Amino acid sequence: PYGKSLSKYIRHYEGLSYDTDILHSKHQRAKRALSHQDQFLHLDFHAHGRHFNLRMKRDTSLFAPDLKVEVSGEEIPYDTSHIYTGEIYGEKGSLTHGSIVDGKFEGFIKSHKGTYYVEPSERYLKDQNVPYHSVIYHEDDIGELILHCNDLHHILNHHLFNVLLCSSGGICEKNKHYSDGKRKSLNTGIITVQNYASHVPSKVSHITFAHEVGHNFGSPHDSGSDCTPGESKTQDQKEKGNYIMYARATSGDKFNNNKFSICSIHNISQVLDKKRYLCFVESGQPICGNGMVEANEQCDCGYSDQCKDKCCYDASAPEGLKCKLKPDTLCSPSQGPCCTPECTFKFSDVKCREESECALKGMCSGNAAQCPTSTPKENFTSCHTNSQVCLNGVCSGSICQKYGLDVCTCATEEGKDDTELCHVCCMAKGQPNTCSSTSSERWVQYFNKKVTTLQPGSPCNDFKGYCDVFMKCRLVDADGPLARLKKAIFNPELYTSIAEWIVEHWWAVLLMGIALIMLMAGFIKICSVHTPSSNPKLPPPRPLPGNVPQMIRLNHRLVISGSEFPLPNHS
């Protein structure tokens, strides 16, 4: 399903289908493995015009060995064997990380062409009968919703919440006694992956989570010109964007958006220097049998009970044969999709990769197991419903670039319409003052005044806020109302400004003082005549306007407005 929108946050995706029973059996074997060497598996599939050959092993460093989970005071068993990490065979520097549950992989795959995210299809297409169990999408296909909340410790969750956890802990946070008499550790929390009742893509929650983990590791929000280049008046610095710990919205595609600033690195380094030996352990090295074809290996189909490859010796074979091609074989399917189960190369007219919006279909070469790189379509080909363009085979550029313009964010200025804050905006190269919506008169020759809106959650107003589902730009409040009130009351600059104003406008202060004294004197004068007094020389108090004295005769006494007067006794 090329070109389809998965949700209002994901503009393009592809369905993913592989044998979940086989993957589940591989996972069960790794789960039961007694040795560290047996905790490996591999997964092969085709998507987005390329072949993915994932080689993964169990990640035992994510959770503590003595992890305990309690629900309502009762300890429950919790299986952490479903977490895996690995790489793409043949791509140095690649990384994959995720989980395997019920034979389905969910996680991210970082390659040289960007990061891909794999999620269950029922998360988005629950009520639709689709022939695939998972979906995979590229990071460039995600609407740029990056929101930084001020809470510190989070666990991803699929529920809606209206509260934030404000207590802060840190790495290696130990249990402490609190006012309720219980011992607790504060390095816990909740993040919802729901926004406006829609599931948030993994890229969004990952970057937000990285921001919050930065807090855990001792980094406050970035401040100062060195650590907030996105606020710079210099265009070169501004185009690089802000860092992970920026307090407001970021687009996620700028050069600095997925990096920590020097301020964050300095703060985090101080924490790690003190606690790194308590919390972090070095992971083991990959070996033959993990399903990854690595150095000094010709193939790798796993161990004997999981290897279904008749072209390759499994990891249980004698030394010198394991992870080697068998005699009279040309290749192994573990090397790539262009090798047949009969250990021969597929013909050159066999398709090994589907065509995408930005790349032609891939065809086997006839002399290699790997699927050759697909030929990119012409740069600046429109994609993503004409909101972006293809660059080097990936839909990653802005539609502005098609016409020699640079993408920009429309900011609030005098005379500008606030509704344009959530439009796609373009500017002439090196001329920020020309930043205008695609619907403006300035760019009518390119867009014919057609409105192209940003996705909900995209940064707007020069990264000061984000667009909601109604295409309204909502400002981001990084500190919260209590912090703002505290800063307003105890801000030294406030009192300095007040003092300077008093010195400059002394006559106004004098007049206000005289007016206050006259007001107080008038109030006392007016109210004193209505105040009762025990002094017999003073006249009785006057009743307030509208208060008619009430006369009550009781036992030869007359009560008037609370005062008693004797009455003569007549027989």
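The backbone N, Cα and C atoms fix where each Cβ goes, glycine too.
Of all Cβ atoms in the protein chains displayed, 20 besides its own lie within 10 Å of the Cβ of GLU212 (active site). GLU212 (active site) falls within a helix when secondary structure is assigned with DSSP. Per TrEMBL, active site is recorded for GLU212.
The Zn(2+) binding site annotation in TrEMBL covers HIS211, HIS215, HIS221.
Feature annotation from TrEMBL assigns domain 'Peptidase M12B' to 169-284.
Feature annotation from TrEMBL assigns domain 'Disintegrin' to 285-379. Shown for the domain 'Disintegrin' (285-379): DSSP residue counts in helix, strand and coil, namely 3 helix, 11 strand, 81 coil.
Residues or ranges marked as transmembrane segment in TrEMBL: 506-527.
Mean pLDDT across the domain 'Peptidase M12B' (169-284) comes to 72 in this model.
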